[in-house]
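Colleague: Pasting in a structure now, in structure tokens, and then I'll have a few things to ask.
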Amino acid sequence: MSTYTRPVMLLLCGLLLLTLAIAVLNTLVPLWLAQANLPTWQVGMVSSSYFTGNLVGTLFTGYLIKRIGFNHSYYLASLIFAAGCVGLGVMVGFWSWMSWRFIAGIGCAMIWVVVESALMCSGTSHNRGRLLAAYMMVYYMGTFLGQLLVSKVSGELLHVLPWVTGMILAGILPLLFTRIVNQQTQARHSSSISAMLKLRQARLGVNGCIISGIVLGSLYGLMPLYLKHQGMANASIGFWMAVLVSAGILGQWPMGRLADKFGRLLVLRVQVFVVILGSIAMLTQAAMAPALFILGAAGFTLYPVAMAWACEKVEHHQLVAMNQALLLSYTVGSLLGPSFAAMLMQNYSDNLLFIMIASVSFIYLLMLLRNAGQTPNPVAHI
């Protein structure tokens, strides 16, 4: 049976369009608020409302999938995201935009839960690494193309909203031509997010998603600031960030393939060790290109491998709840990491960004080197 079936390919096509829209809005919303002369703290609050919506959307999407299935959950999530987009054109203001970005955050989180859960339920323990790698490649490619679009088209609010909304609605179309079966509805027992978080045999996967959130959130949010403080121009900062993201895209498929072939535990150990090496290399500032490349290739691929690890440890009908738990863990890490790293950078030194990344990675490596409880035959083997 092919790994990349027709439903999987159509799902990824829809995700690409939605990710383009997400990337464009995440870039332009802070700029629109700044043009409206809102103070910096209000711009930050609007951004926080989006991430708060992510948390809320993550919590209830599993119940929705169980009730109405993957396809209808995907349609609803896309419509909620589109509503959050259209609402931005109603009135530019702090409270209005904070509400609409909260709604958009819910829709985006629902999309991620639906897509990730559908991919995991479509795969087996032998190919989930490749499926999640394809998912991350599409996600990062959409993010990259979204940034490219921002630089090529008019950034005016009322010029952007119509075609971005159209792109969101177009993202629904591929799923109209296929049906993704939700086998969870046939299960006798439902699983909760809290139960998945407490599952001892999957704890390394959950911890891996938290660490991945810390690493990626810190790199995404604070690497441009670090480079700016090194005296680089905006063009140079853009180049080095492109190197970082490109490495993450290029590393997805090989890491997924290696994880499926040699086991997720071994690959996780190697990934985390390489993240530590890349962080140390950044501190030396001797060879930034290879240091950033290996940091991106290992750091950006940690999340899908950790997800695949955790999903090996649960029954098939528990996959959606487990995915919610993993996405929630990643979101928490991506919120906490940049906040803590920014505080360290402001009060002490910019180099503490990489010291913090290396430190949390080292702690996770110690966990991985202990008895991981890996079983020769994964539970979720179908």
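Yeah, the Cβs are placed from backbone N, Cα and C, and that goes for glycine too.
Below are the features I grabbed from Swiss-Prot:
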type	residues	note
TRANSMEM	8-28	transmembrane segment
TRANSMEM	45-65	transmembrane segment
TRANSMEM	75-95	transmembrane segment
TRANSMEM	102-122	transmembrane segment
TRANSMEM	131-151	transmembrane segment
TRANSMEM	157-177	transmembrane segment
TRANSMEM	204-224	transmembrane segment
TRANSMEM	231-251	transmembrane segment
TRANSMEM	270-290	transmembrane segment
TRANSMEM	291-311	transmembrane segment
TRANSMEM	325-345	transmembrane segment
TRANSMEM	349-369	transmembrane segment
Colleague: Go through the chain and flag residues at least 6 beyond the ends of the transmembrane segment (157-177) whose CB is under 8 A from any CB in it; none is fine as an answer.
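Modeller: Here the qualifying positions are 10-11, 13-18, 20-21, 24-25, 28, 32, 71, 74-75, 78-79, 81-82, 85-86, 88-89, 92.
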Colleague: Six or more residues beyond either end and a Cβ under 8 Å away: which residues meet both conditions relative to the transmembrane segment (204-224)?
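Modeller: The answer is 196-197, 237, 240-241, 244, 265, 268, 272, 275, 295-296, 299-300, 302-303, 305-311, 313, 325-327, 329-338, 341-342, 345, 353, 356-357, 360-361, 364, 367-368, 372-373.
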Colleague: Report, as numbers and ranges, every residue of the chain located at least six residues beyond the transmembrane segment (45-65) whose Cβ falls under 8 Å of a Cβ in that stretch; write 'none' if there are none.
Modeller: 26, 29-30, 33, 38, 73, 76-77, 94, 97-99, 101-110, 112-114, 117, 182, 184, 193, 320-321, 323-324, 327-328, 331-332, 334-335
Colleague: The transmembrane segment (325-345) and the transmembrane segment (131-151): do they have three or more Cβ pairs under 8 Å, with pairs 6 or more apart in sequence?
Modeller: no
Colleague: What stretch of 8-28, 102-122, 231-251, 270-290 shows the most Cβ pairs under 8 Å to the transmembrane segment (349-369)?
Modeller: 270-290
Colleague: Give the nonlocal contacts of the transmembrane segment (8-28) in its own chain as ranges (CB under 8 Å, at least six residues past its ends).
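Modeller: Beyond its ends, the transmembrane segment (8-28) has Cβ neighbours at 50, 74, 78, 81, 85, 104, 108, 111, 115, 118-119, 122, 131, 134-135, 138-139, 141-147, 149-150, 155, 157, 160, 164, 167-168, 170-175, 177-178, 180.
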Colleague: Short question: which residues 6 or more past the ends of the transmembrane segment (291-311) have a Cβ under 8 Å from it?
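Modeller: Contacts with the transmembrane segment (291-311): 116, 120, 125, 128-129, 132-133, 135-136, 140, 202, 204-209, 211-213, 215-216, 219, 240, 243-252, 255-256, 259, 264-265, 267-268, 270-272, 274-275, 277-279, 281-282, 284, 319, 322-323, 325-326, 330, 357, 380.
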